[in-house]
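Reviewing the structure listed below.
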Amino acid sequence: MQSILSQSPGSRFSQYMALTKPRVTQLAVFCAVIGMFLATPGMVPWRVLIGGTVGIWLLAGAAFAINCLVEQKIDAMMRRTAWRPSARGEITTPQILLFSAVLGSIGAWTLYTFTNPLTMWLTIATFVGYAVIYTLLLKPMTPQNIVIGGASGAMPPALGWAAVTGAVPGDAWILVLIIFVWTPPHFWVLALYRRKDYENAGLPMLPVTHGEQYTRLHILLYTVILFAVTLMPFISGMSGAVYLTSAVLLGAVFLAYAWKIYRDYSDALARKAFRYSIVYLSLLFAALLVDHYARPLLGV
């Protein structure tokens, strides 16, 4: 306790920031912001852009903090997560709960004030889906945790779209579907090269419950499905040739990784595939944004 109290403000700030899983939060918020821009042919009002971004970030951070709290014993048993302040006991349970409550409350107020009630309630529902349904119920109980629980993690584009329009039309759900289908292969390649970690922690990830070969096959199958799903923005008319070209090229690389993992697996290859999957989603959504504003100029 004395060591906790004696830490510098900068160190404490870093520890609390770590609870929000900044890199994961950044990707989620990025997809939400893209959803905002795709929802309007012009520019997103600054009030909505700033308020929506801050509110979604705060509620996402609150959800990740609860995740760290619930999984602190599990995290302590895994090399990948043993460094987290919650796993090391550097932040107490009451402190994490208070931190999450403050972030969540400010985030909800920000969304209600600067966007609309629908965005606030959808984001709160996403918080519950991740922090409660996925973390408490699905992750420790079923190898399909990522498939089912991926619904909450796929919501950011819909949240961004709702922030601008007050509605969630079909095009927004296409973006949600892309992230939903992307989630299993993204996490399963991680679970493959971290399978010992998950096994030691007692988590029923797919490589632990069904074996490596089964997981490799499903990574390939889901990546094929993902390739098809990413064509939907073009087919629906939401996006044009710039996006289509990007989706095909990015998807071809992802498919190549999935095929190599299926045929000739190595932990090093899985690590590369995991890193690429993050780059893939970021570039795919960036392509949606570029296409959205380039399409009227290029006429394609």
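Glycine is no exception: its Cβ is also placed from the backbone N, Cα and C atoms.
It should be emphasised that the depicted structure is a prediction, and the values quoted were computed from it without experimental measurement.
Sequence annotations record features per position, and here Swiss-Prot assigns transmembrane segment to 24-44 (among others) based on sequence analysis.
Non-local neighbours of the transmembrane segment (48-68) in the same chain are 19-21, 24-25, 28-29, 32-33, 36, 75, 84-87, 96, 99-101, 103-104, 106-111, 113-115, 119-120, 123-124, 126-127, 130-132, 135, 156, 159-160, 163-164; each lies 6+ residues outside the stretch with a CB under 8 Å from one of its CB atoms. Annotated transmembrane segment per Swiss-Prot: 48-68 (among others), in sequence order, evidence recorded as sequence analysis.
Beyond the transmembrane segment (94-114), the same-chain residues lying 6 or more positions past its ends with a Cβ under 8 Å from any Cβ of the stretch are 16, 19-20, 47-48, 50-52, 54-59, 61-63, 65-66, 68-69, 86, 120, 123-124, 127, 163. Here Swiss-Prot flags 94-114 (among others) as transmembrane segment, drawing on sequence analysis.
If you look up Swiss-Prot, you'll see 118-138 (among others) marked as transmembrane segment. Proximity of distant same-chain residues to the transmembrane segment (118-138), defined by a Cβ-Cβ separation under 8 Å and at least 6 residues beyond the stretch ends, is recorded for 52, 55-56, 59-60, 62-64, 66-67, 70-71, 104, 107-108, 111-112, 144-145, 148-149, 151-153, 155-156, 158-159, 162-163, 166-168.
The transmembrane segment annotation in Swiss-Prot covers 146-166 (among others).
Cβ atoms under 8 Å from those of the transmembrane segment (172-192) belong to residues 31, 34-35, 38-39, 146-147, 150-151, 153-158, 161-162, 198, 205-208, 212, 215-216, 218-219, 222-223, 225-226, 229-230, 232-233, 236, 238, 254, 257-258, 261, 265, 267, 270, 273-274, 277-278, 280-281, 284-285, 288 of the same chain, restricted to positions at least 6 beyond its ends. For 172-192 (among others), the entry in Swiss-Prot reads transmembrane segment, with the evidence type sequence analysis.
Annotation source Swiss-Prot lists transmembrane segment at 217-237 (among others), citing sequence analysis. Packing against the transmembrane segment (217-237) from elsewhere in the chain are residues 170-171, 174-175, 177-178, 181-182, 184-185, 188-189, 192, 206, 243-244, 247-248, 250-252, 254-255, 257-259, 261-262, 284, 288: each is 6 or more residues past its ends and has a CB under 8 Å from a CB in it.
Annotated transmembrane segment per Swiss-Prot: 239-259 (among others), in sequence order.
Here Swiss-Prot flags 278-298 (among others) as transmembrane segment, drawing on sequence analysis.
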